Ligand SMILES: Cc1cc2nc3c(=O)[nH]c(=O)nc-3n(C[C@H](O)[C@H](O)[C@H](O)COP(=O)(O)O)c2cc1C
């Protein structure tokens, strides 16, 4: 057993300095959680995705549990950017952590406008460009599944802000590396992946689809092997930092992503099972470093070996 008491957990996702590598995945963690936990323990916080105008989202039912995961078709329900900046953002400011805002839009111009508005607040650290939502009729993953469209959106946001830009990639593509390279080439400072995998589920009793939207995004432990594979592929394809997510439920899962090349990780669906999981994962990573006599989390990044 080692005597290493305080390993370094801090990481840098381009301009975003995180005191540990653990954040939360957009849409799975809300401010209500701060009644129970000290959010400032997290490496960063990422609220639910925001659009220019308020959105009611899709008709219910919008979620259904699946083996080792869930399907959701929320459809980006949110109060719109102006309400968010005025009413919601101030409630995040009291936490001494980087705030990363996840944005969705129907055109490159609209993404740029959102970035401008957020930058003008002077209150946030990073912008996560969601070009990967599977639950929208317009502005969903058609941007993130086409390298040219990805490039167009990222370039527009790059022009609109000096904040750290993270492009969130969809797994619903044949070649994730092509999209990662397009984002990097267009000026993205980092990438995050994966968003949900397009899926559906049918009730054989009623012979109807479970979701009113018919299709939804699959997330949770079921998607983790796909996500780890994609993080590893992107790590070998681009130089910009990666925030890895998809099915993380414990510290070992998070470490898998880091070994595959992620600089930071985000906990998503598992927050619904155990809202303490991001906090437990921070402790678990720290204990792993201590037990294995590793002084710095950054030494594990991409350190996986082939057999
Ligand atoms: C209910 C729900 C809502 C989500 N909302 C968003 C969102 O607003 N923006 C976004 O980029 N991703 C959203 N996601 C995707 C997650 O951020 C994450 O990328 C995905 O679920 C994979 O991680 P996980 O398996 O740990 O949940 C959502 C996922 C779920 C389950």
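Placed from the backbone N, Cα and C atoms, the Cβ positions cover glycine too.
Annotations in TrEMBL come from automatic prediction, not curation.
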| request: Can you match one of 48, 94, 152, 155 to the substrate site that TrEMBL gives for 72, 73, 74, 75, 76, 130, 195, 196? | output: 48
| request: Report the candidate from 10, 14, 26 that shares the FMN site with 48, 49, 102, 130, 168, 194, 220, 246, 247, 268, 269, as recorded in TrEMBL. | output: 26
| query | Given residue 26 (FMN binding site) and residue 48 (substrate binding site), what distance in Å do their CA atoms have, once rounded to a whole number? | reply | 5
| query | Distance between residue 196 (substrate binding site) and residue 130 (FMN binding site) at the Cα atoms, whole Å? | reply | 11
| task | Please give the average pLDDT for the domain 'Dihydroorotate dehydrogenase catalytic' (9-289) in this predicted model. | result | 96
| field | Nearest-integer angstrom distance between the alpha carbons (Cα) of residue 49 (FMN binding site) and residue 133 (active site, nucleophile) | value | 10
| request: Determine which residues of the same chain, besides 48, 72, 73, 74, 75, 76, 130, 195, 196, have their CB within 8 A of the center of the CB atoms at the recorded substrate site, and list them by sequence. | output: 27, 49, 133, 134, 135, 136, 217
| Of 73, 133, 194, which of the recorded positions has the most Cβ neighbours inside 10 Å? | 194
| said: For the C-alpha pair, I'd like the distance in angstrom between residue 130 (FMN binding site) and residue 73 (substrate binding site), rounded off. | reply: 15
